[in-house]
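Remarks on the structure that follows.
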């Protein structure tokens with residue numbers, strides 16, 4: 001609150017008199033500034049489902065006025081401007097459906113959804129937990145609670161992104177509830193713990209099945225990939241009406257811990273703390289056997305899995321593997337890292353092919369999430385990315401091969417950490433979220449696929465929203481039509497009481513308005529070139545050699561320094577930097 005007051009006072013001094021503000025689609029609008037209890041009062045037009053809205057924040061009091069309309073308010077201009085629209089979705093609470101498979105607070109969630117709808121949010125995202133739906137036994141699916149929730153979402157006029165969540169909830173950053181894998185899966189793990197990811201010291205991770213069992217018939221005669229396929233088939237059969245009527249527009253296929261295509265290399269409940277490099281997770285008997293076979297085939301039977309890569313909270317230079325001129329730069333290290341990352345590519349490719357077959361012909365998009373491992377990005381070794389399975393170096397692009405794989409399945413690449421700035425992290429972490437986002441998004445666009453994203457951590461401040469706005473449209477608004485680069489959509493993490501607090505929600509509503517290019521809610525995605533058509537069959541399999549051609553590093557596309565549609569005034573980022581200096 002104090003920082004907002006200082007900012008308001010400072011901006012009042014700079015912007016005394018008249019502010020001239022361009023309101024897209026409405027022409028030039030002059031707005032008078034008055035100082036009132038160290039608050040700014042200013043007015044601008046905005047479109048909404050309701051004809052007029054009144055937004056109030058501690059920094060700004062906003063009311064609609066009749067604008068001075070210029071020639072730029074023509075219908076043709078509005079059609080051009082709407083092409084800058086980026087839809088906004090909100091992630092629902094992790095435990096909205098309880099571990100007992102019940103929708104506990106129907107009235108409460110309906111009230112919150114109506115608040116989102118009134119704020120012009122386009123839709124919501126929801127984890128559909130494997131550990132809840134198939135908890136009673138193999139092939140025993142109970143979709144009752146999710147059907148009730150989907151019906152409420154539909155009644156509130158929102159679209160739905162459904163995540164096939166094949167991972168555990170609990171034990172990681174932001175996990176507020178505990179939803180384990182199905183109990184019958186865990187029971188199999190009691191007699192065969194190698195079905196779980198394992199680090200070098202033998203610690204098991206029950207968050208997600210190791211990709212080493214993707215094709216092992218260990219689960220009452222089914223393989224892990226068949227478990228995922230059958231779950232998705234049951235989802236389609238039981239949600240056919242919601243698929244047919246257009247409620248469900250995305251199916252995000254969970255491919256690892258936190259639903260992300262990665263290894264569980266950094267685990268809080270095993271002692272990891274930021275910015276530790278994490279640990280490789282390939283020491284279960286299945287992956288050990290596969291690596292040994294690959295080494296023998298390559299003519300190096302003496303090569304072993306790394307034993308010098310440190311532990312969860314080490315810094316890169318303290319390990320033999322990641323230090324300068326370390327093992328990761330040797331032939332043996334390069335072979336291992338290529339094998340490790342290729343296994344992840346094959347894992348995602350195989351499961352997405354099954355998902356494509358299940359949802360073939362449905363009017364929706366498939367999606368896969370890639371994690372924003374931003375710490376140690378500004379080092380030579382990129383250690384935290386390497387342990388996660390992203391073989392990304394200055395001389396090797398670890399993300400464009402993933403985008404190329406996704407292109408085969410007509411899938412969206414969903415990336416995280418859109419809200420982060422480099423200066424927000426401790427210097428010793430060598431974090432580079434800004435450059436990382438630019439690299440990954442550029443790689444997706446180069447491979448011709450839609451790119452979406454979300455914030456990694458809950459944020460309610462102007463600066464975080466402005467960074468998301470910048471990444472959503474890196475080159476700003478194009479008044480002549482669709483911008484050169486634009487994200488397919490952004491999902492805000494997540495719906496909670498704190499978001500709905502008056503001040504926070506007013507800021508969020510301003511953010512939604514700017515994501516919509518000041519055009520208000522648009523019910524027709526075709527108007528902003530986000531076409532959702534019947535899902536086509538996956539293309540012919542791309543050879544690993546062709547996928548790895550995409551490792552050639554290329555400069556990312558150009559990014560503006562700041563968004564051209566900021567919320568909170570022109571000095572928000574400046575004051576945010578000052579606050580982090582004294583934090």
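Each Cβ is built from the backbone N, Cα and C atoms, and glycine gets one as well.
The model shown is predicted, which means the values in this text are computed figures rather than measured ones.
According to TrEMBL, the feature active site, proton donor maps to 260.
Marked as active site, proton acceptor by TrEMBL: 454.
Taking a C-beta cut-off of under 8 angstroms and a sequence separation of 6 or more, residue 374 (substrate binding site) has the following same-chain neighbours: 417, 420, 425, 431, 432, 433, 436. Residues annotated as substrate binding site in TrEMBL: 127, 167, 175, 369, 374, 416, 455, 456, 494.
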Tell me the Cβ neighbour count for residue 260 (active site, proton donor), meaning other Cβ atoms within 10 Å of its Cβ, over all protein chains shown.
23
Using C-alpha atoms only, work out the spacing between residue 454 (active site, proton acceptor) and residue 494 (substrate binding site) and round it to an integer in Å.
10
Quick one: Cα separation, residue 455 (substrate binding site) versus residue 260 (active site, proton donor), in Å?
14
Rounded distance in angstrom between the Cα atoms of residue 494 (substrate binding site) and residue 260 (active site, proton donor):
17
Pairwise CA distance, residue 260 (active site, proton donor) versus residue 127 (substrate binding site), rounded so that it is a whole Å:
13
Set of same-chain residues at least 6 away whose C-beta sits under 8 angstroms from residue 127 (substrate binding site):
92, 94, 163, 165, 169, 259
